[in-house]
Each structure stands twice: as structure tokens, then as C-alpha cells.
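For reference, TrEMBL has these:
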| type | residues | note |
| --- | --- | --- |
| TRANSMEM | B:25-45 | transmembrane segment |
| TRANSMEM | B:51-68 | transmembrane segment |
| TRANSMEM | B:80-99 | transmembrane segment |
| TRANSMEM | B:105-127 | transmembrane segment |
| MOD_RES | B:THR162 | FMN phosphoryl threonine |
| TRANSMEM | B:223-243 | transmembrane segment |
| TRANSMEM | B:249-266 | transmembrane segment |
Amino acid sequence: MKNLWDIFKKGLIVENPIFVLALSLCPALAVTASAITALTMGLSVMFVITANNVVVSLTRKLVNPKVRVPVYITSIATIVTLVQLLLQAFAPELYKALGIYLALIVVFAIILARAEVFASKNSVIPSFFDGLGMGAGFTLALLLIGCVRELLGAGSIFGIPVIGDWYDPALIMILPAGGFILIGYLVGGFKMLTEYMEKAEAKKGDR
Amino acid sequence: MVDTTMNDKIFNVSMSPHIRDNQSIAKIMWTVIIALTPAALFSAFNFGYRVLIVLLIGMGSAVLFEYLTQKIRKKTITIGDGSACLTGLLLAMCLPPTIPFYMPAVGSFIAIVIAKHAMGGLGFNIFNPAHIGRAALMISWPVAMTTWSKMTTGVDVVSTATPLNILKQQGYQKLIETFGSAPDMYQALFLGTRNGSIGETSTVLLLLGGGFLIYKKYINWQVPVVMVGTVGILTWVFGPAGLFTGDPLFHMMAGGLIIGAFFMATDMVTIPITIKGQVIFALGAGILTVLIRLKGGYPEGVCYSILLMNSITPLIDRFVQPVRFGLRGEAK
């Protein structure tokens, strides 16, 4: 059980997909102008990555290594189509707001990377937790970026105004330039955080 | 960069540079600030005392952010060398006089923390920090950044648009009418009794400051001359009513061209090293300025043209590399 928790946990901070692995930065810029689209995208990816990890792990002994990538892609595309249809049916507005990026989940580097690096070499249950952890880390990162950008760029979070009228929103934050600047600083912040955690860990080891 | 504390080690063979003189970063920076002071003080006469507060906020916040960033980065605190102060002053001089008081501080934050220290600090920044600050403010608050006040004092009360705005939206004829007559317009542009950003209005005082810097050899005369000259020639050639009908005098004195050419395009860090490279830089900046003014969406293009040329500065440097001593061209 401890082991599974470790697998889940590493996706959150130590191997955070956006801030540490720097995979799938495109959606991190494109759909994070508001918190709600960021959260939807994060949860969609979390679902796809977990489901795909399970599928890949289940079929890992059946698939000839030479054709593994097309098989992964087929599996991912199927799951993404599922998500797409679900969103279109139950949250048409969010579906519209996410636009092309929802379909583009198929080619997100992070999903293929987890299938290749983890799920194809491990059994189903660890793969499930790996997908869950990575997905959670991705969602966390997107939500963080989305909240800050919406707060500074529109003065609200999840569409609810939180700063009074005195604040004149800085448009740059909801434009790509602001996204780049923010992600840069967050990557730096995560680096500081992981270094601090490593130091704390080392201290614990000494004792 | 240059220090004088090495005299006791004068016989050491060290890495270049070997030639030392009594110049220092602080001396250069404070001299540039002094050169800008007359134009800054004139703005108070032109727009009222409010702009002095804007200027002070710009400088003060820039120094504060420099101090905090250097503290966090665990570097030597160098707020005394005036470089942050200069960045804040230049930034504030490029803002409209009616700007809300917190915006110069936000601009200083972007200029110092993002454009300067995130790039590695003084000497490592790719872009002119003051102009990055202005560009970020321009994108963030386009309305506040393009709202121009009536002048509070001064001889002529000009309408609420800047001369370049009138030119862009209503044409040249209307521009002349606003000022009364063509000579009146030139006089207003030359003396600075017109509307515009805080520090850009007074051509004569900026020329005096720039001339002082050229005399002190802190900037090369080629840069401002080429940049302003390019704008003049191109606007004259591509005039509104066909070739050679433009008004070069107006374009050379209007907008932020003079302050940009003398104080921004000559920033030692962000322009090419050799004179040849600097001339190419100034030429490119001039061409881009004219392109934006005549064909682009914005009425003024000095800020963006200098930033764009900043981005290709390393490329220019590579192309105009001087031939090493003792080698002829073919031996490269």
C-alpha cells in the first residue's frame, strides 16, 4: 500500500508533468486563461491518462513491441473520443470553450510518455495509480495556472468576481505572454520546492 | 565592469580588459539621469505637478524591486549604481501623464524583476527593461495607456489626442489645423508644449541631454543620427500624397522618437557592440518605426521597433564581428 501511495505521490510534485517533466506545455498555455476550462481540461486528461494506463498495462504482453505506438494511440484516441462525446452531451459550453484542445489530448506528450515509461512495464494496479497521480499533478498545475491567470487577468476565480471594482484587470495575464511568464516563474518555484524537500529528506536520513 | 581597485596588482597578467579608466557603471547611469532631468522637469511645467509623482513612483519602485530581487537572489545590493533608478525614470517618462499611480510600479516590477533579473541581471538582459515594462503595460491596460490629458499649463492647449494620434485618425490637414499653422506646430513640437507621454514632448531639452551624453562619449552619435535620419527620410519619401510629399520634420520630432533614439536605442547592454552593428541596429529600428507609424495599427512604433531590434542584436553582432588583428578578411 505504501508503494502505491509513493507511485501516486510522485506525480504531484517531484515529477509534476508540467512544472518538472515539462511535458504538455501547450494546453498549459492554451486553456488556462480561466480556472474552469483549466479544471475541465485537467480532469479530462486525468481520466484519459488513467484509463489508458490500465489498457496499456493489460495488453502489454499481447502487443508486439514494434507496433506498440500505434496501439497506444488507438487506445488513447478511443478514450478521448469518449470524453469528447460526454462533454459535448453534458457540458456543451465547456466543450466549446476547450475547442480543438480537447481532441488534441490524443497527442499530448504526457499520456504517451506514461504509457511508454510506466504502464508498458508494470502491472495494472501500479499503472492505475501512476495514471491517477500524473493526472492529479497535471490537474493541479493547470488549476494553479488557471486560477492565477483568471485572478490577475479578469479579477475573478471560476467566474466569480473576488477582487472589487477598484482593480483594473491586467489583460496581459489572459494573453499567451502572461501565461509564458507565469509558467516560467512557477517552474522556478517548483524547483525551489523540490530542492527544499530533498534537503529535508536528506536531513531525515541523517538522523 | 571597470574598477580602479586593481592598482596594487598592476603587474599581474590577467584576463582582458587591460585598459582601465575611471568610468564606472554608477557614473554613467547617474550622468544619463542628469541628462534626462531637464526634460523630466519640463513635463511638470507642461502637464502639472502630477507627473512628478508618477516619475518618483517609477524610480522609487524600480529601486525597491531591485533591492528586493537582489536580496532574494543573494547578490550584492547595487541600488546605488543608479541603473534601476534610470530604468524607472525612463519607464515613467514613456507613460501618459494621466496614468493611475499604481501602473508605473507594476511596470517597474516587470522591467526590473522579469526583464532584467530573470535574464541574469544588469548586463545580461536581452531587451531594454524600460521598454519591456512599457510594452507590458500597453498590453495590460490599453485604455489607460492611450488616454491623454489636456495640458494644464503651457501656451497652447492642444486637444486630448497626441499629434501622432490625430495624424493616424484624422489626417495631416486636421493636424495642422489643431496647431493653427505649420510653423506653430513645429514650434510646439520643438519646445514640447504639446500632448504626449510625460518625457517625450520637449525635443529641445532631450536633444540637449542627448548632446551632453554624446559630448561625454557615453553614447555614439551615429545611433540617434541614423535612427532619426532614417525616420525622417522614409517619412519624407513615403508621404501621404505620393512620393516625396511627407513631412519629415514632424515625424522626427513627434512621438517618442527623440527620447527613444537618444536614450533607449543607445542602452549599452541591449544594442550591438561595434559601431557598424549599432548603425545597422539604428537603421532597422528607424525602418520599423516608420512601418508601424505609417502602416501599422498603433500611432507610435518606437518602443516596439527598438524591442524587435533588441531581439536580433546577437545576430547583428555575429555578422559584424571585427576581423582579428593580424588577419585579413579572407583568413576568417
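Each Cβ is built from the backbone N, Cα and C atoms, and glycine gets one as well.
At the 8 Å Cβ cutoff, the transmembrane segment (B:51-68) and the transmembrane segment (B:223-243) share fewer than 3 close pairs (sequence separation 6 or more) and do not count as touching. Sequence-distant neighbours of the transmembrane segment (B:25-45) (same chain, 6+ residues past either end, Cβ-Cβ under 8 Å): 1, 51-52, 55, 78, 80-83, 85-86, 89-90, 93, 97, 122, 153-154, 192, 198-199, 201-202, 205-206, 208-210, 212-213, 216, 218, 259, 263, 268. Away from its own ends, the transmembrane segment (B:223-243) comes close to residues 171-172, 210, 214, 249-252, 257-258, 260-262, 265-266, 271, 278-279, 281-283, 285-287, 289-290, 293-294 of its chain (Cβ-Cβ under 8 Å, at least six residues beyond either end). According to its DSSP assignment, B:THR162 (FMN phosphoryl threonine) is coil.
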